[in-house]
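Have a look at the structure below before the remarks.
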């Protein structure tokens with residue numbers, strides 16, 4: 001496209017395709033792309049959701065997670081499960097932080113109706129890559145949580161060795177590094193250059209927009225640019241969406257079966273069941289709820305991914321099964337679903353862990369009398385392996401002869 005072409009910044013743009021860059025392959029796989037770039041919405045409700053709903057849910061998640069961080073750090077909680085939960089809260093916070101700038105600037109302030117200035121093109125690209133990296137990390141951290149809990153309930157005596165603190169930290173580091181490597185490629189193959197925009201009379205210069213194009217080295221190294229981009233899309237989708245969802249589905253099914261069997265055992269022999277068994281069962285229920293909620297939010301994303309791959313494989317472009325309007329509506333609602341799930345996690349900690357509640361009360365309401373809660377209903381999945389059981393529970397814990405003290409602390413983590 002000739003940069004000296006006369007364009008009107010606030011009107012309805014005629015559709016223009018840059019055949020040299022074929023950048024529609026990178027963004028939407030549709031036939032055309034509009035220059036200068038605008039963020040289109042198809043329905044009035046999308047402006048409300050993309051702006052106010054996204055902004056409020058993201059900000060609320062960040063605030064709640066900051067409270068969770070403070071409780072974890074203040075209590076110096078150091079167990080494999082708590083470390084994964086803390087890493088998950090960090091990744092969810094970063095995800096929400098990448099949503100807030102666009103939600104506020106583009107939709108709340110109404111700038112979606114104007115073309116994007118150059119600096120906002122750069123900001124949106126950086127936020128997009130950071131979002132994809134942390135979203136992938138979040139998906140794999142939930143999968144790691146499911147794997148850990150499945151090992152604990154299936155192999156209780158080997159769990160301490162396989163799910164040690166060292167292995168957990170290595171797994172979290174590997175997940176973060178893999179997510180970075182996968183999406184850093186997508187970050188560097190795109191060049192963002194300024195695009196001169198003229199007023200309607202073709203004389204006055206307006207703030208620069210941008211032209212997003214494939215990097216020159218990527219074009220030269222790719223015999224078939226379209227196939228390279230589609231292959232990258234499929235590979236990143238398998239790693240970031242499909243595999244975590246598959247692992248999460250298997251671990252959730254395993255925990256469902258174990259919970260049903262264990263719940264029946266505890267119910268049939270309620271008086272003979274050890275206190276530790278009940279704590280393990282309760283911690284497993286709590287983590288099962290977290291896994292189930294995440295699985296529900298990710299299944300719709302996996303369904304969309306399969307539709308996209310089908311469109312690309314059969315029709316070589318997007319928009320044949322889902323129109324662009326339907327695609328954006330699906331994506332908008334899907335983001336709302338997992339933002340709600342991010343908010344629910346902290347409330348699960350609060351309502352199902354007496355230790356978390358006690359730490360929260362002590363930290364944020366020190367002037368109020370602490371509500372003493374029965375340890376019979378408490379969940380000590382957060383308890384450090386070095387902490388000793390309360391004196392009131394010591395005699396009951398000792399009755400669990402079949403589990404060593406070290407294993408007992410780990411199983412309830």
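Note: Cβ is positioned from N, Cα and C throughout, glycine not excepted.
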Annotated range (TrEMBL: transmembrane segment) out of 122-139, 140-157, 194-211, 212-229:
140-157
Have a look at 83-107, 358-382 and point to the one annotated transmembrane segment in TrEMBL.
83-107
Which residue range, 17-40, 329-352, is the one TrEMBL calls transmembrane segment?
329-352
Highest-contact recorded stretch vs the transmembrane segment (52-74), from 83-107, 169-190, 238-261, 282-309, 329-352, CB pairs under 8 Å:
83-107
Quick one: average pLDDT across the domain 'G-protein coupled receptors family 1 profile' (64-295), no decimals.
82
Looking only at residues six or more beyond either end of the transmembrane segment (329-352), which have a C-beta under 8 A from one in the stretch?
42-43, 46, 49-50, 53-54, 57-58, 60-61, 64-65, 67-68, 85, 88-89, 92, 95-96, 99, 282, 285-286, 289-290, 293-294, 296-298, 300-301, 304, 322, 360, 379
